[in-house]
Structures are given as C-alpha cells and as structure tokens.
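Below: the structure, in structure tokens.
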Amino acid sequence: METIKKNEVKTGKVIDLTHEGHGVVKVDRYPIFIPNALIDEEIKFKLIKVKKNFAIGKLIEVISESDDRVTPPCIYYAKCGGCQLQHMTYRAQLDMKREQVVNLFHRKGPFENTVIKETIGMVNPWRYRNKSQIPVGQSNSNQVIMGFYRQRSHDIIDMDSCLIQDRQHQEVMNRVKYWLNELNISIYNEKTKTGLIRHLVVRTGYHTDEMMVIFVTNGATFKQSELLVNKLKKEFPNITSIKQNINNSHSNVIMGRQSMTLYGKDKIEDQLSEVTYHISDLSFYQINSSQTEKLYQQALNYAQLTGKEIVLDTYCGIGTIGLYMAPLAKHVYGVEVVPQAIKDAEDNATKNQLKNTTFECGKAEDVILTWKSQGIKPGVVMVDPPRKGCDETFLTTLLKLNPKRIVYISCNPSTQQRDAQILAEQYELVEITPVDMFPQTTHIETVALFVRKDEE
C-alpha cells in the first residue's frame, strides 16, 4: 500500500460521502475523510490525522468541481460547527440524506423490499429554527461574545447573524449582547466555573409570533434582571415571556431544572394544524415548525385513522403528535417518563377541548402493560424516542401488545434500523419517508410504517 504520512499533501477523487457529509478518498483500500469535499470532485488535500484504519484530510483545493457545489452564503461557515452542508446544493442535500437511509436499511437486516421515499424538503431551507440556544462568553479583551461553537470545540465564535435561526432571535441576541456589555453583567467562565450568564435561549411560536427569552444563569442571584427585562419589553413588543433558568451544574447540559418567570406568561403558544400547544422553557417541541407539520401529516397518512382506532402515543412529551391525531382517533393514550411533560400534555388537551385523550406518567413498557390488562387494545402505536432509540424492554413489550400498525418517528436512523430488526419478528417494515427537519446540516429525521405481518 502507498505510504500515508501526516502533513503530506495528496490529490485524489472523491468516491463517496460519510454520514457526516465528509468526502471519501481511498488510497488502495485505505479511506481518507475530507470535510467540504463532494462526490466526483478531484481535490488536493493535506493529511492532518493518520490512524491505523482511516485518516482525516483538510481540503486545500478543488481541482475539478462537482455540479452540486455552491458558495456557502454564511460568512462563519468555515469556522462554525452548526452547519455542515452549506457548500452543497439543497437538492443534493436531500438526495444525500435519502441515500444514507437507503444504505442503512437496504444493506442490513431484512429490509431490502422496504420502500424509501424521496426526502421531503423545504421550499426555503433557511431561517427555520424556532428555538435558539446561544452560548455566552468573553473575549480576551473582556467583551461579551455570543454565537456558536467552533467545530469540535467549546470555543465561541462571536456572530452577528446565523442563517438558520429565526431573524428575530438574532436581533434579540445582538441587543442583549450590547446590554450585557453596557451593564457590565458577569459572564460564566467554563474553566473557572465562575460568572453569571451562561446561555441565552430564545423560542418563538411559528404561527403566533409569541416570543420567550430565557437567561440561563449560574446561580439564582440576578441583580440586574429588571433592567434587562424592561429593555427587552420596550424593544421587542412580541416578547410575551421572559424567564431565568438556573443551571449550577458544571457540565455541557444547557439548562437546569429550576426556572422562574421574570415577566409575562410562563409559556408561549404555537399551533400545528388546528391544535394549540403551550410551550415552556423546558418543553421538547420540534425545532422546525413548518416541517413538523409535514412530518406529522406523513405519520397520520401511515396511521390510516378512520375514527374507530385507539392510538397509543409513546414517548409522548407534551402530547404534540398524540393531540395532532386525536381529532381523527377514537381515543389517544399517551405515556411519558417526565412528570412536567405529562402535565403540559394534559393542559394542552384541555386547552383544545380534546376529551378523547388520556396521559400517564411512567415508563412506557410498564404503563402499556397496565393498559393492556385493563382491556385497552390500540390499533396504532406511535413511537418517537430520543436519539438513543427505544429500550429493548419496551420493544419486546410492544410486540406483546401486537397492534396492527406501528408508526416510528426517528431523529437517528441508525438506532431506528437497530430497533426495526427486533420489530421484524412480527412486523413488515413497509415504507420509510425521510423529512428534512434540519437543512444545511447532516441530521436526518425519518418516519417509518410497520404493519403486522398477518395484516399485509
């Protein structure tokens, strides 16, 4: 094999992309991964890390460009770790994401006949985030900086704009940054674990335009909070809630468990279809509201509700998808391990006068067995777990429940594919639809339909 040495400069042709969007060049059979390179490009690159089984390269020059290459519109793209695909046309991004799902499911397990649909994309794949979590720090000259982390680090890149964030969030960020400097409010230092302001979090209701601003602080004492509240109220009249979240932990967790309302309401409202949701500072709510409606509509299509079905919504959170389906179901049962989320789900059901809903707090595998013993037989089960996927205990319990259809929403197709192999014992994985919830990034969301084998 040809010798591979660190700091060596080489040329080669990109033959594939990794799940991180990195170009793959092979020397003999040895893979080299190069960020920002595209398939079929002839490139010059420098080897910056060499391991036994792979190497990492840095792109120096594109000798022969792909038709899929575009100039990234963001001035921070080369440094910021928030986006990975701005150098790629949006059509190519959608194709890449579908291809990754195809590779996962058609090459592993009994899923070669599963239909993988085209990725559902956005008309305008920018400014889509309804929630911004912005780290706060200080420069070497002790000026307040706000932005996002440099790739693979906790170094904050001071930014005035971000093209995937809501435009209003940027305006709030820039004004708060100015006021923190003006008022000389202390900023949290990750190394010394001292200082007050850790993060600024902004949430907006996509359909209501209500805005919530959250100051995440290292401790409860926030002497100048009233000054900041008054400035925000005056400059941004659509702010309906300002909160302080206390996070004393010395970890990468952004928000703590304790919050207090400094101004306005405890929650903001948003709508999906005809359903209104109350969203708190700690609520899980999909980041991309317009794509969430497409995601949930596809899930609804797979569920094929006629009004006679009992629906079980596992990992239900604040009830978003269960309440979305409730108007078309006989009854919706939701289960979630987080007590506050269940309270929010019940409040949301009451707000929308959806009386055909029941929510219970507990582990899904325990609660659904209790419901089964009470004679509750769901025809459709909704599954929407965190990135780690489903616990095996839950999946084996789900097989005992034996519903006709399972609709599985995933933010991590790798764990979805792992879980699908367990469900394949009794279910046919009929179809998967990727939905692009996070344009310009490598993240993929999918919704999959499983049908009981005796129902095919």
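Cβ from N, Cα, C; glycine included.
Marked as active site, nucleophile by Swiss-Prot on the basis of sequence analysis: Cys411. As annotated by Swiss-Prot, [4Fe-4S] cluster binding site applies to Cys74, Cys80, Cys83, Cys162. Positions annotated as S-adenosyl-L-methionine binding site by Swiss-Prot, on the basis of sequence analysis: Gln286, Tyr315, Glu336, Asp384. The feature domain 'TRAM' is assigned by Swiss-Prot to 3-61.
Recorded features from Swiss-Prot, shown on the structure.
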residue	record	DSSP class
Cys74	[4Fe-4S] cluster binding site	coil
Cys80	[4Fe-4S] cluster binding site	strand
Cys162	[4Fe-4S] cluster binding site	coil
Gln286	S-adenosyl-L-methionine binding site	coil
Tyr315	S-adenosyl-L-methionine binding site	coil
Glu336	S-adenosyl-L-methionine binding site	strand
Asp384	S-adenosyl-L-methionine binding site	coil
Cys411	active site, nucleophile	coil
How do the residues of the domain 'TRAM' (3-61) split into helix, strand and coil according to DSSP? 0 helix, 33 strand, 26 coil
Which ones in the same chain are close to Cys74 ([4Fe-4S] cluster binding site), with CB under 8 Å and 6+ residues apart in sequence? Cys80, Cys83, Gln86, Cys162, Leu163
[4Fe-4S] cluster site shell beyond Cys74, Cys80, Cys83, Cys162, criterion: Cβ within 8 Å of Cβ centroid: Tyr76, Tyr77, Gly82, Gln86, Phe148, Met159, Leu163, Ile164, Gln440
So how many other Cβ atoms are close to Cys83 ([4Fe-4S] cluster binding site), meaning within 10 Å of its Cβ? 21
Cα-Cα separation of Glu336 (S-adenosyl-L-methionine binding site) and the residue listed as 'active site, nucleophile', in Å? 18
How many Å separate the Cα atoms of Cys411 (active site, nucleophile) and Gln286 (S-adenosyl-L-methionine binding site)? 11
Same-chain shell around S-adenosyl-L-methionine excluding Gln286, Tyr315, Glu336, Asp384, C-beta within 8 angstroms of the CB centroid, reads Phe284, Asp313, Thr314, Cys316, Gly317, Thr320, Ile321, Pro385, Ile409
Report the same-chain neighbours of Tyr315 (S-adenosyl-L-methionine binding site): residues 6+ apart in sequence with Cβ closer than 8 Å to its Cβ, ordered by sequence. Val335, Glu336, Ala364, Val383, Asp384, Pro385, Pro386
Non-local Cβ contacts of Gln286 (S-adenosyl-L-methionine binding site) (under 8 Å, 6 or more apart, same chain)? Thr292, Leu295, Thr320, Met437
If I take every residue in the domain 'TRAM' (3-61) and average their pLDDT values, what number comes out? 95
Let me know how many other Cβ atoms fall within 10 Å of the Cβ of Cys162 ([4Fe-4S] cluster binding site). 23
